[in-house]
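The signal peptide annotation in TrEMBL covers 1-18. What TrEMBL lists as transmembrane segment is 48-68, 89-108, 120-138, 145-164, 176-196, 216-233, 261-281, 293-312, 318-336.
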Amino acid sequence: MAWTKYQLFLAGLMLVTGSINTLSAKWADNFVAQGCGGSKEHSFQHPFLQAVGMFLGEFSCLAAFYLLRCRAARHPDASMDPQQPFNPLLFLPPALCDMTGTSIMYVALNMTSASSFQMLRGAVIIFTGLFSVAFLGRRLALSQWLGILATIAGLVVVGLADLLSKHDDQHKLSEVITGDLLIIMAQIIVSIQMVLEEKFVYRHNVHPLRAVGTEGLFGFVILSLLLVPMYYIPAGSFSGSPRGTLEDALDAFCQVGRQPLIALALLGNISSIAFFNFAGISVTKELSATTRMVLDSLRTIVIWALSLALGWEAFHPLQILGFLILLTGTALYNGLHRPLLTRLARGRPLAEEDEHERLLGGSRTPINDAS
């Protein structure tokens, strides 16, 4: 069945904003500017402040939720029906996981390329599958185990590509290895977040925009408060500020004042996360969860192609192989091979109910998978 103009718009919005989210964060990292007190020029390395901005973008989804609810009051919408009461503190544990995982990934993005960052995030499948078996009592199908094995193989290939690629002064080999390992470590935390959401949050049938916004509120408030002690905690080589602390928000604002394009990059990151969540939820509703998975994979290609075009990284053919293996792993784990097998075996379209399986047992995405 042909897509409507609105569905095409949603698919395009998800692909574009999802790509902008990673590219804008990397663009901000590439700027060099003076900090506070006349300090010498240095790179804009403020991952925790960037994470605060990301949560601000998520928090804005609450505004979208209430706007839709006001609209539903005039034009009834089944998806905005009154929901059962729930305790907002249910979102605190997954929000803490989201905060920790996102912060680690922004630290890692300073150390490695945008394309490797996006590809290595595919490791979430491995830990999600294992945790769903251990804590949710799920039984994975053979195709899902094969998907996990393919994902592990893809991660190895992407890691080899990073090892063999040419490295400049900005991305030394030791930093690239550390960054790649941090990204994979962050996926363990993201997997815990997904299991917590599945076990405690989804049973309350909370609207996805409200869920994203509530987690964003917790993450924004908590991480903003943590910026104060981070200003004094020494971080050694992990620090990007002249003071050598874990995060120097004042230095970041001084750099933004001296290089306004950094503000544009941060604004792009904040707004793209909000629109990406909205578009992703809408794509799942209007099309299918499978389509959302495919579009999410396509943004990796866009990020990689633009990073090469902008000269942010060097081409290495192993990255193509790694991406294809990771894509195969994602397809197998989420059952994207089933439509083809169904058509070949029965000669008819895939049943609609198969298109909306859960990721932890098929194709459900986490409440927030845009970071």
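Backbone N, Cα and C atoms are what each Cβ position is placed from, and that goes for glycine too.
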Candidates 176-196, 261-281, 318-336; stretch with most C-beta pairs under 8 Å toward the transmembrane segment (48-68): 261-281
The transmembrane segment (176-196) in contact with the transmembrane segment (261-281), cutoff 8 A, at least 3 CB pairs, sep 6+: no
Top Cβ-contact partner of the transmembrane segment (89-108) among 120-138, 145-164, 216-233 (pairs under 8 Å): 216-233
Intrachain neighbours beyond the transmembrane segment (261-281), with Cβ under 8 angstroms and 6 or more residues off its ends: 10, 13-14, 17-18, 20-21, 24-25, 27-28, 31, 33, 44, 50, 53-54, 56-58, 60-61, 64, 208-209, 212, 255, 292, 296, 365, 368-371
Non-local residues, at least 6 beyond the ends, that sit with Cβ under 8 Å of the transmembrane segment (145-164): 112-113, 116, 119-120, 122-123, 125-126, 129-130, 173, 176-177, 180, 184, 316, 318-319, 321-334
Residue numbers, six or more beyond the limits of the transmembrane segment (120-138), whose CB comes under 8 Å of its CB atoms: 105, 144-145, 147-148, 151-152, 154-155, 158-159, 180, 183-184, 187-188, 190-192, 194-195, 198-199, 326, 329-330, 333, 359-361
